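Asker: Pasting a structure below so you can have a look.
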Amino acid sequence: MAILKRGARNKTHQEPAKRGGNNIKKAAFETSKKKEVGVSDLTLLTSISDESINDNLKKRFLNGTIYTYIGHVLISVNPFRDLGIYTDAIMKSYQGKNRLEVPPHVYAISEAMYYNLKAYNENQCVIISGESGAGKTEAAKKIMEYIAATSSTHSESIGKIKDMVLATNPLLESFGCAKTLRNNNSSRHGKYLEIRFNSQFEPCAGNITNYLLEKQRVVGQITNERNFHIFYQFTKGASDNYRQTFGVQLPEQYVYTSASKCTSVDTIDDVKDFEATIKAMQVIGLAQEEQDQIFRMLAAILWIGNISFIENEEGNAQVRDTSVTDFVAYLLQVDSQSLIKALVERIVETNHGSRRGSVYHVPLNIVQATAVRDALAKAIYNNLFEWIVDRVNKSLHAYPGADKSIGILDIYGFEIFEHNSFEQICINYVNEKLQQIFIQLTLKSEQDTYAREKIQWTPIKYFDNKVVCDLIEAKRPPGIFAAMNDSVATAHADSSAADQAFAQRLSLFSSNPHFEQRQNKFVIKHYAGDVTYDVLGMTDKNKDQLQKDLVELVGTTTNAFLTTLFPNQVDKDNKRRPPTAGDKIIKSANELVETLSKAQPSYIRTIKPNQTKSPNDYDDHQVLHQVKYLGLQENVRIRRAGFAYRQGFEKFVERFYLLSPRCSYAGDYTWTGDILEAVRLILQDALIPEKEYQLGVTQVFIKTPETLFALENMRDKFWHNMAARIQRAWRRYLQRRIDAAVKIQRTIKERKEGNKFEKLRDYGTSLLGNKKERRSMSLLGYRAFMGDYLSCNESKSNGSYIKRQAGISEKVVFSFHGEALHSKFGRSAQRLKKTFILSPTTLYIIGQVRVQNAMQYTADYKINVNSILQLNMTNLQDDWVGIVLANSSMPDPLINLSFKTELITHLKTLNSKIQVKVGPTLEYQKKPGKMHSVKCQVSDTAPKYGDVYKSSTIFVRRGNPANSKSKKKPRKKSSGMSAPTTQSSKTLAPPRMSSNNQNTTVSQSLNGGMNVKPQTPASRSAKKPAPPPPGSKKPAPQPMAKKPAPHPTPQAQMQTQTQIPASQSSATQSSIPPPPPPPPSKTSEPQFEAAYDFPGSGNPSELPLMKGDIVYITKEEPSGWSLAKTLDGSKSGWVPTAYMVKHEGAKAPPPAPAVTASQPAIQNQSQPASAQTVAATSQVPASFGDGLVSALAARANKMRVESDEEAAASSDNDDDW
């Protein structure tokens, strides 16, 4: 995880002032987001129990929050109302997000499946489980809608497939769902929808697998339930053509739709749903003829239900109204008499070994005839439903290229009714298999994996329902379905006998703890609760056979569509028992398990909060029961103790090797070592703590989903970061080219036209007319009129802060700190610190005041440039300027500004009518209409770099002549940094002298001076000024040979080395051994002595010194200044480095080296130390003064950058430069 770094906080920082205006709205964060109620993930509960889980679900349900996580498992509570949480905006908010970034939602599960499909190229599936009415079908619909909306579409065919997939929902709901007591849209069949994707992860095909349609519902329902939706849609919404052609009536006219006394439901609009069904058929591609045949079969089923029977004279069944059978025969396109005969008679054929026996026509009673009638209706509807599913699959398979898939399992929920028969045991068996899958893939498989991979783990107990599945489906020993099949085989002709045989065989399971037998009933202890099943009629339903009479009847039809529904003709020679319904459901369930096992599963556990379908009721007892049988508590415990993600080493490396520079380069996998070591390197380079993962035998286990999401996030950003690096390098290259071109252009322009800032400087000098003395700094070649010294025009600077507080919105032409004279009645005038800012129209004099330890600035004067009449100055080198205003009600400002000449120049440029007056006195209006004169006198007691104002008199030192000209701009040195000066075994040569009396003591001074840092262009220019002339008799405290030349230039060294005689060079080498490598810094600070007087400029940060003062040097700067403190530590401040020499104390001077060559050397030896000092110091290069000027210029430049230090800056402006 990345470490977030915060910038240092300023203690004096305050919140910015609130700005007016109503255009900007107050920032808000997810105002539509509800306040979190309970916990969104049950693994975060403080106590783990069924009751605490139930309480959390209840809080969230009553708050309108129906989704909760257990790790990656989603818990959904049916709200029985529209919460408005399935809009397009909400759907988009989940796209591209992991489940921790957004609240729990079925869209989050959908996004995770689609992301994993693309990221890992593995099949995905979602298993939606729960009892009937818990919301499984709705969850499946929302998943399909999300995937269809999220997946990209680059062609018309892909878009058509997406539309087809969505159209399967209303179509299959109409034919496969019905209203029950618990659910108004209960799935009465199971389906597994696979959405298949191509290599671009676009939906290109689909497939639907159907499981066990509840065809018994076609012929009968319990009170207040309904038949399948399509019957009510068709009877209420059929067109006039269908009503005339197929004789369609209202649902109240048909026995199959009215017997349960519920033909309408408040929350269902059958006519509107019928329109949706017709539209879905059209989208899927059903032709109009196919639609007509489907509705023809539906009409036939409804009219078959209206066939009724009466007893004839022999007590056998007879059709009550033959007009009904005639119309049914018309719809089925069969002979009417053949239909009647098939309904009231049964053909029985006897066999005698291999010989064919006799054929008997056995009449049926009313009960038997009614059963035959219902069997025909059920067979037609069941085969019609399977045909529709096959037809949908045919349309969805039309586009090739399917590679991977996402499967959505929407199957009937667990059912417990008052009377439970064969349909309920099949439904509950399938739910037991799904529960077994959940256990195997989450609980058992997870713990088995930890044990196999040798991961540290504490086993958790759970209930494995495999024993219940074996009780129902096993063959050896036989289970309930096997016992049922044996009973049917034993007494296939008599259903009652078969039921009795089955009841007797149930005694075989009496020893099973999950089974109880009760007369003609038996109890199975399912994971969801105990269910009591009725034996009567169960074996007959298990046969799942249509009588041969009816099969032969259908075979005589002239309707090609009906023939398609019943393709298999009766094979009279086949003696093998056909598969029963139990065999089919076992086969389908095992195939489903195999299919789900091949995909990466996601889970949605749905919960029904009440039996009344009320949006406000929450039945604690009912929900607590579901929490228990769904095993949520065990799931929470395993999730808290386990690992959120596991993956094989190779798959993990393939996914995340980009995160390790040691395993990849430019997107290619480069690691050649062990795959396990690659996993370690990836986790180390991604900065994943060791406690967040464990390495097994073949897999890596990551504990928390946050860590996995962090890895995924880093991987997603890898290519973005690489592209950004390339872009930065390219932009840097382009910028260098631009900068180089601009530099060349600027240089050429300056060569041709001159520098505009220097031109402005020369113009300003001419304004003074050689009347005012010049300060030394104003004569520097580097001096140029840059204008905005406080950087007011920049966005982030102290100057821009001052500008904002003063309310200045114009572009700034000139800005600098200075002083203004403030007069008080009866008291001496005060010099107050001010900031001067000049815009194209106004001169601002800004005052400052400290409020709550923060500096605040306000504009004291706002002077229109056009209102200035005169700018008055004295003829000496002082910095005072009197600004004479026209028709002002306020006194004229008298200001003191180091950059006075530049300010005057800019004012003159903006207003050419301003008069510049220079004379022995300075005049300004101290009061409106009353001129006041200020004298200026030369005084040696005045500060060297300042002046003194007292009693309307300015005291200042003598400056440079008024006609002094600015020096030429010196040539810039190379921009490259010179290599640090390293001391070799040879002694450094002394600088070249103009006379012949040279001495090796000069070379000693080079090595005996201060230890300086590696020279930079700035440090080389900071040389000390020339010492007194040779004729001076000031005594030196020690031989000047000991004083170093602290910053010798490489050129000087080369020149002196070439001019030293060979004998003298050898003498130097013999007398002075090579210096050792630089020793480690000592704890005691070095002592230095002032070689010259340094009175200072009045800046409190400087330390004034007299020649000979000894101080400690604690810090040296490349700008030519050193931080010094007195020996007693009472004072400290900055001093010029060039003014200081190392103090040797009482150490004796080294002996003179032997001279072996020439007489001048002997004469040089005989000179006294003072003469040697003069000889050594008199040869300072002529450019020494220029070096000092450059050093001071560098210092002033530094002060300008650090302009926010007002106290230091205001008094550190040495001169007008």
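Any Cβ shown, glycine's included, is placed from N, Cα and C.
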Asker: Quick one: sort out which of 515-544, 545-574, 815-844, 1145-1174 is the region 'Disordered' according to Swiss-Prot.
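Answerer: So the range that Swiss-Prot calls region 'Disordered' is 1145-1174.
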Asker: When you get a sec, could you say which of 1-24, 169-192, 601-624 is annotated region 'Disordered' by Swiss-Prot?
Answerer: 1-24
Asker: In the same chain, which residues outside the set Gly130, Glu131, Ser132, Gly133, Ala134, Gly135, Lys136, Thr137 have their CB within 8 A of the centroid of the CB atoms that define the ATP site?
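Answerer: Same chain, not in Gly130, Glu131, Ser132, Gly133, Ala134, Gly135, Lys136, Thr137, Cβ within 8 Å: Asn78, Asn183, Ser186, Gly413, Thr606, Lys608.
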Asker: In terms of Cβ proximity under 8 Å, which residues at least six beyond the ends of the domain 'IQ 1' (720-740) contact it?
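Answerer: The answer is 666-667.
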Asker: Per DSSP, what is the residue count of the region 'Actin-binding' (405-487) in each of helix, strand and coil?
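Answerer: Breakdown, helix to coil: 47 helix, 8 strand, 28 coil.
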Asker: Identify which of the recorded positions Ser132, Thr137, Ser358 has its Cβ surrounded by the largest number of other Cβ atoms within 10 Å, counting every protein chain shown.
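Answerer: Within the set of recorded positions, the most crowded position is Thr137.
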Asker: What does DSSP assign Ser358 (phosphoserine), in three states?
Answerer: strand
Asker: Quick check on the domain 'SH3' (1083-1145): DSSP residue counts for helix, strand, coil, in that order please.
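Answerer: Looking at the domain 'SH3' (1083-1145) with DSSP, the answer is 3 helix, 28 strand, 32 coil.
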Asker: Would you identify the secondary structure of Glu131 (ATP binding site) according to DSSP, in three states?
Answerer: strand
Asker: Across all chains shown, how many C-beta atoms besides its own are within 10 angstroms of the C-beta of Gly133 (ATP binding site)?
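Answerer: So the number of other Cβ atoms within 10 Å of Gly133 (ATP binding site) is 24.
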Asker: Please list the DSSP helix, strand and coil residue counts for the domain 'IQ 1' (720-740).
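Answerer: Summed by class, the stretch gives 21 helix, 0 strand, 0 coil.
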Asker: Whole-number Å only: compute the distance from the Cα of Thr137 (ATP binding site) to the Cα of Ser358 (phosphoserine).
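Answerer: It is 52 Å, counting Cα to Cα.
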Asker: Using a Cβ cut-off under 8 Å and a sequence separation of 6 or more, which residues in the same chain sit near Ala134 (ATP binding site)?
Answerer: Ser76, Asn78, Gly413, Thr606, Ile607, Lys608, Gln626
Asker: Across all chains shown, how many C-beta atoms besides its own are within 10 angstroms of the C-beta of Lys136 (ATP binding site)?
Answerer: 27
Asker: Do you know offhand how many angstrom separate Lys136 (ATP binding site) and Ser358 (phosphoserine) by C-alpha?
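Answerer: Here the two Cα atoms lie 54 Å apart.
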